[in-house]
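Asker: Can you keep this structure in mind? I'll have questions shortly.
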């Protein structure tokens, strides 16, 4: 049988493409999202920080948030006591965006409801609870441990403006956040105040917002505002009342007293003096005072430190000190009053403010004025309050004086006050009255009164008065009669006087004619001249008699008085 070779074909198995199971899509997606979230969380997560506070009021671990510009930037992880239990330490986890900016200039504080004067803050935390706020601050040295502030800062690091320092005698009604005004517009606030190290003044820091800080000039003046200001002038009483908010919280105002565009802006952190009022800020600042001593014999009740020293109504100095001392040489007690003379208030040739030679010039000027009668005395400045001041004026009725020296100070001579002089005169009068024999004078007056009473009630006095009345009536009758007779007599005298004047005129004419006809050398001329001279003398006598009778017509009856 023939062999046939038949090859059996091999089976070929065809395999298809492998497909990814759809069941793995969801887990892988979740893993990718989770990984991205973990990566993002790792990228956002910053380092942990530690903040120290005095107490943990309102703070809770894993609940209290840390915010910057009202955005969450961290979370409190843990709160625990310090080793000495004096404060609490808050451990917080910060986001990388903020933690990379934290430095020694960063500040943390707790935001909670606060009432500071008229300022109220943190009201929103009544519902949401307190939270911690961070101010990253300017660039500085990286830091991870901080001391939290108990009070929120008034000026944040990104605030635009300038800080200035003021020096005041007292704080007054100012407090944190008290407003700062420029021409009645609020431009800043008080951010800090403290007592100076030497206790000589109060330091006040203010922050003036931009762009208003450019109005602060080197010559600017700052003063307190608030309350009611009253000024009495020759035009009447002017009253200055601020707004209600200023009355309650006080405030500070400033002005440059120049045009806005004049001068450069004051450098930040510059220092200024804070005056008590606008009127005080307008006064010229006093930088030089020259001490003088005065000793008053009068009482100094009503005289106080800072009382004015005036010359004819113009202030030239200030009372600086009042003491009581025992004079060992004289063995009595004296009251030295230290005066600070202010040469910048005076006008002296060649002297300028702050000139080194001004004290010597003032001393020479005062020395000359004292030699011309300058004296110091106490005067009443207010009759209602009894406040006194020191008056300097000339008293030329006093002998010339001179400056003396005591305890290294020049001593001005004094004179009693006007009121003291009056009281001394009254006391002297009272002493003289006490020395008068009042009882003896009274007895004499009583005796005189009795004698007068006896004389008045004496009947003889009545009779004498009656006789006196009769004499008076008779005198009146006599004068009436003389008056009637004097009229015709005066008429005759007038005619006689006129005739005498005519006779004199004719005699003068005759003498002139005879003088023209006769010569001075002949005997007849001489005789005529003699005769004429006698006639002239007779005429003069008649003229004198006529003038006398014209003035005294009564001489015809009574004769000429010798």
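Including glycine, each Cβ sits where the backbone N, Cα and C put it.
Automatic, uncurated: that is what TrEMBL annotation is.
Since the structure is predicted, the reported quantities are computational estimates derived from the model, not experimental observations.
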Asker: Labelled transmembrane segment by TrEMBL, one stretch among 20-39, 40-59. Can you tell me which?
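Answerer: Going through 20-39, 40-59 one by one, TrEMBL gives transmembrane segment for 20-39.
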Asker: Restricting to the same chain and to residues at least six past its boundaries, which positions have a Cβ under 8 Å from a Cβ of the transmembrane segment (20-39)?
Answerer: none
Asker: With DSSP as the reference, give the number of residues of the domain 'Mce/MlaD' (291-394) in helix, strand and coil.
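Answerer: Counting residues by DSSP class gives 17 helix, 44 strand, 43 coil.
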